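Input: a single structure, listed below in structure tokens.
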Amino acid sequence: MGLPEERRKSGSGSRAREETGAEGRVRGWSPPPEVRRSAHVPSLQRYRELHRRSVEEPREFWGNIAKEFYWKTACPGPFLQYNFDVTKGKIFTEWMKGATTNICYNVLDRNVHEKKLGDKVAFYWEGNEPGETTKITYRELLVQVCQFSNVLRKQGIQKGDRVAIYMPMILELVVAMLACARLGALHSIVFAGFSAESLCERILDSSCCLLITTDAFYRGEKLVNLKELADESLEKCREKGFPVRCCIVVKHLGRAELGMNDSPSQSPPVKRPCPDVQICWNEGVDLWWHELMQQAGDECEPEWCDAEDPLFILYTSGSTGKPKGVVHTIGGYMLYVATTFKYVFDFHPEDVFWCTADIGWITGHSYVTYGPLANGATSVLFEGIPTYPDEGRLWSIVDKYKVTKFYTAPTAIRMLMKFGDDPVTKHSRASLQVLGTVGEPINPEAWLWYHRVVGSQRCPIVDTFWQTETGGHMLTPLPGATPMKPGSASFPFFGVAPAILNESGEELEGEAEGYLVFKQPWPGIMRTVYGNHTRFETTYFKKFPGYYVTGDGCRRDQDGYYWITGRIDDMLNVSGHLLSTAEVESALVEHEAVAEAAVVGHPHPVKGECLYCFVTLCDGHTFSPTLTEELKKQIREKIGPIATPDYIQNAPGLPKTRSGKIMRRVLRKIAQNDHDLGDTSTVADPSVINHLFSHRCLTTQ
């Protein structure tokens, strides 16, 4: 794992102490004393006490935390009821059912009126261009959310309605999602990097009656005409018999055209004017955000909702190719993201927190919006990318806002490693106290660089494992309590009871490797797949009745640390984003030249994993560079740029079993030029394998 090398670099001056086992091997870094002194959980013993109580007495543990929030009416019945066993009936989880609350009221109104945080900065907004900056206080955010809630009400949005949001990382995105929550409407946020086809699919799946979007935005040097994509998506919806009745548009790149009194927020005009962006306007459907906000009152009574009412739908890739609408509910999600944020990042009131994730992903929902706001935190909201205008952008922002807690993805760390230490070390970073990673397992080399260069060997790293489906962190170190092992997500968070199962469903004790499952519910667990509870039960509970099945492999070492080994199902993790092989394959075979396709993951030095595609062509078609580019373009349009393959190989035949099943295990070996194929006795035509090896793409790893 590179630990001895890191030990040499540490020297006697390192404040992150190393622990050495009986055999002299490095076992991990202890939290620095200065972190422990002020930590909410200052020792491993204290963590173990709290974790044991949270698992053995979940109702009492979470009941005490629930007292920190406002409930319009108390829970009238059992605090927790659930069934994880498909053989005993319907799968369900209910926390505090019958209690009523509103998450927007808890994260805004209470912070302003009860906790007197009205003048505290909620977000520092940093635009794509350096110098495009603004800030918004809790009081200002509450006013804007109330105004936009009134806008939505005037458009007929009611409790239970679904609202699609397709926006870049601007303040209006936070305002829009909180306004939905205030009304009891479900927001369905679609990442602004997704295609018009993907947006259409998500609008149709949950029957969204309104779309909120933006004129356009820059991502680094690239101009994204988001309104054009939104229009294309709404046209596709109309063609399929579902006209969306209203589209509200934020004038973001065109903000400079607005008078000072017209601007709905404090966002400044963008520094790079964009006269070339042509916005098509659909009368009767399109409405300008700023015009609606001018007419809206700044007070809006929240809708009081059951703790088990849905809060939002967020789509994640499914192994069948059709995205799953993950449903999270109000009460349990609120408790869980607030608690994980407080303890995992060891949050204190003076902190400035920065999670670099886009709000279009679950990390952004939980740790850009809801978790920080529930704790009254000040956060950074960043529109740009880590390498624009230079490779030191992140660290200049850290210094600018004196960021104390920083949370990013391993893929970003690996990308920045390529540019060396200088872009990092020329900035102070003295404010940093805790670093975090999310999205995929971090390889030890990247962990060591992050620790040594970014954190100057004085910042604990919280390597967090969780999923869209879990709502918040599941396995994670705690900054003041957990000795860190590079690459390990370490131990379960409060309320989380992990187990490792073998193929027969038997729990493995001690050192073991197998399927990672969870034995009991935590408040943040998803409740269903929108409109398809059977799929929810089949995906997460059918394989091993009585357990929530993550779909990830896991290893537990002799010290009890958990190490995520990767997806067990046909899913790919590209730059921290989960992609379905079936979804990519479907996009490929829609091309007239492609008869059959198979997609596997391939190691990538920056993305972690990239797509390697095998395509079998229809008669009369020839494989060529032009066709390769056409296929890549088709995938970008159908799914989004994140799914663009790195490699596409011509495959006259695919290795299949005699029953016709494609042997993806063999294809993964071919992609990596690994001739150790294991048992191939079930391959119907072994000659196919030799041909694919001899014609494989030249890969970089």
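Placed from the backbone N, Cα and C atoms, the Cβ positions cover glycine too.
What Swiss-Prot records as phosphoserine, among SER30, SER624, is residue SER30.
Of the listed residues (LYS115, LYS633, LYS661), Swiss-Prot tags LYS661 with N6-acetyllysine; the rest carry no such note in the record, though that does not show they lack it. Swiss-Prot gives the label phosphoserine to one of SER38, SER265, SER428, SER681, namely SER265. Looking only at Cα atoms, PRO441 (ATP binding site) sits nearest to SER575 among the binding-site residues ARG219, GLY220, THR363, SER575, ARG636. Of all the binding-site residues listed here (ARG219, LYS222, ARG567, ARG636), the one with the fewest other CB atoms within 10 A of its own CB is LYS222. Each residue contributes its Cα atom, and for THR363 (CoA binding site) and ARG567 (ATP binding site) these two points are 19 Å apart.
Taking every pair among ARG219, GLY220, GLU221, LYS222, THR363, SER575, ARG636, the residues listed as contacting CoA, the largest Cα to Cα separation comes to 25 Å. Comparing the Cα of LYS222 (CoA binding site) with the Cα of every entry in GLY439, THR464, TRP466, THR468, ARG567, these being the binding-site residues, the smallest distance points to GLY439.
For TRP466 (ATP binding site), the same-chain residues that are 6 or more apart in sequence and have a Cβ closer than 8 Å to its Cβ are VAL438, GLY472, HIS473, MET474, LEU475, THR476. Distances between the Cα of GLY439 (ATP binding site) and those of the binding-site residues ARG219, GLU221, SER575 are shortest for SER575.
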